[in-house]
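Record features, source Swiss-Prot:
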DOMAIN    6-148  domain 'Clp R'
REGION    9-74  region 'Repeat 1'
REGION    85-148  region 'Repeat 2'
REGION    161-344  region 'NBD1'
REGION    345-560  region 'Linker'
COILED    395-536  coiled coil
REGION    570-781  region 'NBD2'
BINDING   Gly620, Pro621, Thr622, Gly623, Val624, Gly625, Lys626, Thr627  ATP 2 binding site
REGION    782-898  region 'C-terminal'
Amino acid sequence: MQPTDPTKFTEQAWDAIVKSQEVARRYKNTNLEVEHILLALLEQDMGLAARIFQRAAVDGEGLRQQLEIFTNRQPKQAYVEQLYLGRSLDVMLDRADAARSSWEDKFISVEHLLVGFAEDDRVGRKTLRAFNLDPQDLELAIKAIRGSQKVTEPNQEEKYEALDKYGRDLTEQARQGKLDPVIGRDEEIRRVIQVLSRRSKNNPVLIGEPGVGKTAIAEGLAQRIINGDVPESLKNRQLISLDMGSLIAGAKYRGEFEERLRSVMKEVTNSDGQIILFIDEVHTVVGAGGREGSGSMDAGNLLKPMLARGELRCIGATTLDEYRKNIEKDPALERRFQQVYVKQPSVDDTISILRGLKEKYEVHHGVKITDSALVAAATLSHRYIQDRFLPDKAIDLVDEAAARLKMEITSKPVELEDIDRRLMQLQMEKLSLEGEEKRPGLGADKSSKERLEKIQQEITELEGQQQELSGQWLSEKQMLEEINTLKEKEQELRLQVEKAERATDWEKAAKIKYGELEVLQHDIEEKESKLLEIQGSGNTLLREQVTESDIAEIVAGWTGIPMNRLMETERQKLLQLEGHLHQRVIGQKEAVAAVSAAIRRARAGMKDPSRPIGSFLFMGPTGVGKTELARALAGFLFDSEEAMVRIDMSEYMEKHAVSRLIGAPPGYVGYEEGGQLSEAVRRRPYSVVLLDEVEKAHLDVFNILLQVLDDGRITDSQGRVVDFRNTIIVMTSNIGSDHILSLSADDADYDKMQKQVLQSLRKHFRPEFLNRIDDLIIFHTLKRDELRRIVVLQIKRIEKLLDEQKITLSLSDAALDHIVSAGYDPTYGARPLKRAIQRQLENPIATKILENTFVAGDKILIDCVDGQLIFDKEIEPTTLPEEPEENITAVEVEVLSS
């Protein structure tokens, strides 16, 4: 039979015939033979031939080598211009056509070519014999894959074992112990089983936020099926996860995707309920394959009839948003699915889940995970990582902390790396000194020789330490690896016990459980006790335990919250609060005390946990420390002044500007950018939010602030909920400043002044807004002695700047008093002080530095004489070096005497 008509062959079979010519030219053969066709078939991506040989237990690489023996026997030519059809290939094609006819197929397909190959005397039989096979064995493998299907279409091969190609058998993975244990979720799994047991519309869809464990529920069902912990209607069923990506990938022509999906569905329906399909991200089914105006049908429409009739049992999983966007808009598809809502587990449930997963992660990473680390992962992730969901974020913390520790174990310890670096430096210095010694005409001086001896001595000592530490590190590392290998074997034996128990082979299960497993556990205990002895001596180089601090470090890396703040107890942090704030905010004892008390109340659990840490309205004249107190709060509570989100409320005077806080509505310019307040807090949820000059904002702004102050949350223009529970909200206002300036000097009138200020507030702000603020704090005008302390703080700032230029600064009390007098103005607070310091200190010092009057190493002395600041520098007395008189030359004596 001449292979000239492609219409007689399937696509894969014809592709192999065409590519066999390239194979023949590659081996420089002039005749096109059976072996070239087989090599071309084996080179096809996801080809049927490779799957058939795999089913017949034939090694693909071994088969390729066997076929190459025949190609090497053929006559070769340096340049193959024309190929000739070999006699054995002609016979093979005739046999393939005969097989097609006897099997009542329309096209010659890959399996027909393989039947012809198996009956070939020159190559086929000899090749199969090398693998202890005969033509009947190959035919059985073909029929096992092909089943009862007929070759009626050119792409028929793609429809064989469609579920194997486009799916993943979860029950088989559960049988092999490849799935993680599923802890809890009993209620959801029972609901899924209940829906699957229905006569029609038996298709549950798992709906929940990303990371709450929807896929885990399907895996839990697979494990229950394997263990027989399901009703009769689900016993011995296969749960197969459909991979929509591989189903769509490579579908180039119209209708190709639909054909693949139909072949999958046909396999499922032909199984008579033995196969349950699991489609993760089921929303991708809706619209998949459909093209506007192309006439092709999307996957959702293909599924509807089978879902409704109960021919197909399918479990879907998708997020709430995707379900709303894609499935709810198609009511015909939605009614065929029964919703099973999967909620986020609590912190306690998450800890239980982590305890169940602990062993898997320990064996994978080769480390130990402490229980306190698991508790920390659940609690810290719940508290500090707000944009993700439990248990996924807690599992990720444990996984990353274990991976980090594993990396430390496999890398050199810090102590050894330090020694290596020091040795490298010394070796370079030694080479330099030795080169100087060998240079002609230049001998090394006495100091160089002494230095060389010291270097050599240090190198010898360090090499000894390096050898000792390196040996210790390698032995500890080896011991940890041995323990991990034993634990892997232990896990394999446990899996064998489970398999034996499922197969009711109690003898085998007992033999492993009370024989091999006990011996292995004893070996592990011995190795671990040896490791504990080394660690107990305090000389260990490697850590093998993931602790609470490791988890905290990972959280710090994710969220930007410094590590020491996470581990510091609330009691220590809050007891230091007032003292720390007073270092930055001079005076204002009442304000600092009120802020500290409110934060202590919130952190001690005496306030609704759904509200922000604290919300304050700071009132007072300009320059008295309102903004500085907000900065100090951010610096202390969050270790960074950058954790303060400052919004100037004078920018929100118009009604339409309010939308800038939470983002423009859909359809308006700037919708994608988000709001200034919502985006800032969403990106940095642990911050001090400063709303400056709040009385200047439009009244509608306060409507938005009401839900922030009361519920600790806000919904931006894109529907995202922004969490304000870990923020401190500080609002500043100048309302009532005239009352504070006129009355605050007299303590007796304080109550009267306070009433007048509050009365002014009530005139401007609505009662529902004022009622939601934790504390209204009045800032007093600054007194002269407080201004003096502020000057001292500012001088320290200048000293830091000068320190970079190696210049020191010293002020007399008179100079300090002069600066205070120059900048004292009760109406404007501390701000005139800053201008006075700039004018009277910074400007003259800057000029003298540029004139080289003050240079590195100088100490600037500043005093006040007759109302003017005098700048001078301290002159250090210079002393000549003492030398013996007999060594002084005549010239030097003359200079000294003069």
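The backbone N, Cα and C atoms fix where each Cβ goes, and this holds for glycine too.
Quantities reported herein were computed from a predicted structural model and do not represent experimental measurements.
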Mind checking how the region 'Repeat 2' (85-148) divides into helix, strand and coil residues in DSSP?
44 helix, 2 strand, 18 coil
In this predicted model, what is the average pLDDT of the region 'Repeat 2' (85-148)?
81
Test of understanding: give the count of other CB atoms lying within 10 angstroms of the CB of Lys626 (ATP 2 binding site).
27
When counting Cβ pairs under 8 Å to the region 'Repeat 1' (9-74), the leader among 85-148, 161-344, 345-560:
85-148
Let me know how many other Cβ atoms fall within 10 Å of the Cβ of Gly623 (ATP 2 binding site).
22
Among all the protein chains here, how many other CB atoms are within 10 A of the CB of Gly625 (ATP 2 binding site)?
26
If I restrict to non-local contacts, at least six residues apart, and a C-beta distance under 8 angstroms, what lies near Thr627 (ATP 2 binding site) in its own chain?
Leu690, Asp692, Thr732
Listed binding-site residues (Gly620, Pro621), ranked by Cβ neighbours within 10 Å, top entry:
Gly620
